[in-house]
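Remarks on the structure that follows.
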Amino acid sequence: MSTKAIYPGTFDPITNGHIDIVTRAASMFDKVVLAIAASPSKKPMFTLDERIALATQATAHLVNVEVIGFSDLMASFARAQQANILIRGLRAVADFEYEMQLAHMNRHLMPTLESVFLMPCKEWSFISSSLVKEVARHQGDVSHFLPANVHQALLNKLK
């Protein structure tokens, strides 16, 4: 039986921390769907199509990873994808409370949906898309935290 996992997020933009998590998930599961949420309420810097394109390029080396955009409830998306595993990254204790709430709600909506939590490697444990964008807006060098294609897209977006 093959295993399919979903790694959902806004990925605005995708960072090396996200790449770390999806790479490790790809080694654990037969297929991983990198599910990019439309998240219009978050007012993303990049459009959904841009985020899909950036993530597709950044994960091209991972043959069992597919990038898909979505706008419905995660449980509905998981059901449509015939997947019952969600991958979530945990950077710090502060992430845990929110992730626990999400996991319980997702299990309520889809009782077979399991959440698997991965901690990023130490090098990426403190970064977030929001932090990277904020530093970049103030001309800080964020190239170390982003795939090259994403870094260039961020610089272009901030011009």
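Using N, Cα and C of the backbone, Cβ positions are placed for all residues, glycine too.
Features of the protein shown, as given by Swiss-Prot:
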type: BINDING; residues: THR10, PHE11, HIS18, GLY89, LEU90, ARG91, GLU99, TRP124, SER125, PHE126, ILE127, SER128, SER129, SER130; note: ATP binding site
type: BINDING; residues: THR10, LYS42, MET74, ARG88; note: substrate binding site
type: SITE; residues: HIS18; note: site 'Transition state stabilizer'
*Tell me, in order along the sequence, which binding-site residues from HIS18, LEU90, GLU99 have their CA within 10 Å of LYS42 (substrate binding site).*
none
_Intrachain C-beta neighbours of SER129 (ATP binding site), sequence separation six or more, cut-off 8 angstroms_ = THR10, PHE11, ASP12, PRO13, ILE14, THR15
*For the binding-site residues THR10, SER125, which one has its C-beta crowded by the most other C-beta atoms within 10 angstroms?*
THR10
*If H, G and I count as helix, E and B as strand, and all else as coil, what does DSSP give for MET74 (substrate binding site)?*
helix
*Separation of alpha carbons, GLU99 (ATP binding site) and ARG88 (substrate binding site) (Å)*: 8
*Around HIS18 (ATP binding site), which residues of its chain at least 6 apart sit with Cβ under 8 Å of its Cβ?*
TYR7, GLY9, PHE11, GLY89
_Rounded inter-Cα distance in Å - GLU99 (ATP binding site), MET74 (substrate binding site)_ = 13
_So the record assigns THR10, PHE11, HIS18, GLY89, LEU90, ARG91, GLU99, TRP124, SER125, PHE126, ILE127, SER128, SER129, SER130 to ATP. If I measure every Cα pair among those residues, what is the longest distance in angstrom, as a whole number?_
18
*What does DSSP call HIS18 (ATP binding site) in the simple three-state scheme?*
helix
*Taking each of the binding-site residues MET74, LEU90, ILE127 in turn and counting other Cβ atoms within 10 Å of its Cβ, which one has the fewest?*
LEU90
*Taking the Cα atoms as reference points, how far is ILE127 (ATP binding site) from MET74 (substrate binding site) in Å?*
24
*For ARG88 (substrate binding site), just give me the three-state DSSP call.*
strand
_For LYS42 (substrate binding site): DSSP state (helix, strand, coil)_ = helix
*Of LYS42, ARG88, the binding-site residues given in the record, which has the fewest other CB atoms within 10 A of its CB?*
LYS42
